[in-house]
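Marked as substrate binding site by Swiss-Prot: 57, 58, 59, 60, 61, 128, 328. The annotation heme binding site is assigned in Swiss-Prot to 313.
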């Protein structure tokens with residue numbers, strides 16, 4: 001079967017088919033396979049004590065880094081599209097497509113961990129001494145992914161030093177780190193986008209006011225139902241549960257409470273952005289909110305998959321070196337990695353918690369004709 005990327009069939013002297021007459025590059029030249037396939041330098045081989053599984057270790061991590069590069073490429077393009085005052089529907093569709101691509105890449109990376117686990121702890125010990133002081137903590141691209149996604153420096157777990165210190169005097173790496181910290185992250189850009197959600201305007205549909213009224217009516221109906229409970233302890237339990245729910249809703253309706261939660265690190269979005277996310281969730285069946293809802297869902301998928309990847313990495317490290325040893329780069333190994341599984345590393349934490357504030361479908365404020373027309377004719 002001929003290569004689908006071939007041109008008119010003209011061959012080089014070695015029998016290879018060029019991509020096209022114009023470019024004049026064969027498959028290996030185009031992909032620079034001479035460099036790519038010659039980049040596996042086994043230190044155990046150089047030491048005249050070759051360890052077979054070191055090759056797998058190198059290949060697996062190089063594959064990770066290649067996919068990290070693609071994720072960064074996608075994130076950067078998405079950030080450019082989001083960094084506009086008005087995002088039309090065609091761009092929203094493209095953003096959704098590229099986020100979905102990142103999701104599929106991350107699924108692949110999660111599934112790649114078991115391949116590395118075919119190596120036993122004893123096999124790993126045979127060449128582990130060659131790795132120091134190298135460490136996965138020194139993966140520049142993974143740090144860039146975290147920063148571009150929206151992991152804040154103050155949210156990071158401290159273990160020995162500032163995370164960027166591991167790059168020493170590497171000016172290129174330090175410049176990339178600073179740029180990723182200073183530029184608008186996906187979290188910041190998505191927040192700005194959500195703040196512009198049509199229907200939040202107080203002089204217009206004023207969704208937030210209507211939502212508060214619906215919640216008050218919903219809770220009042222719950223109280224009336226609880227008061228009819230004939231069993232005293234059951235009635236008191238239901239009333240107590242309703243009061244707890246009222247406090248939960250107060251945390252989103254009271255801006256001061258919300259801001260306190262943001263400062264504490266328990267929330268990420270601004271108050272208005274959270275309103276936009278809730279509105280999109282309620283009216284996701286509306287044509288204009290369909291793609292935005294997909295976008296928010298994909299952001300949660302990305303967060304979830306990165307957490308799954310971290311978890312798989314933690315389990316693999318525990319299998320390979322146990323839970324007491326230091327990592328090859330001097331980090332606290334398993335203990336440090338386990339600490340990164342907390343919600344502090346979940347960038348779009350607020351999206352995961354939206355279900356806390358849902359109300360029954362029949363209690364959702366109905367859209368009036370004005371906002372329906374706005375959702376049909378205006379980009380989000």
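Including glycine, each Cβ sits where the backbone N, Cα and C put it.
The structure displayed is predicted, hence computed values, not measured ones.
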May I ask which residues of the same chain, at least 6 positions away in sequence, place their Cβ under 8 angstroms from the Cβ of the residue listed as 'heme binding site'? 113, 136, 337
Given a separation of at least six residues and a C-beta threshold under 8 Å, show me what packs close to residue 57 (substrate binding site) in the same chain. 116, 119, 124, 127
Excluding near sequence neighbours, so keeping only residues 6 or more apart in the same chain, what lies with its CB under 8 A of residue 59 (substrate binding site)? 40
Validating a neighbour-count step here. Other CB atoms within 10 A of the CB of residue 61 (substrate binding site): how many? 15
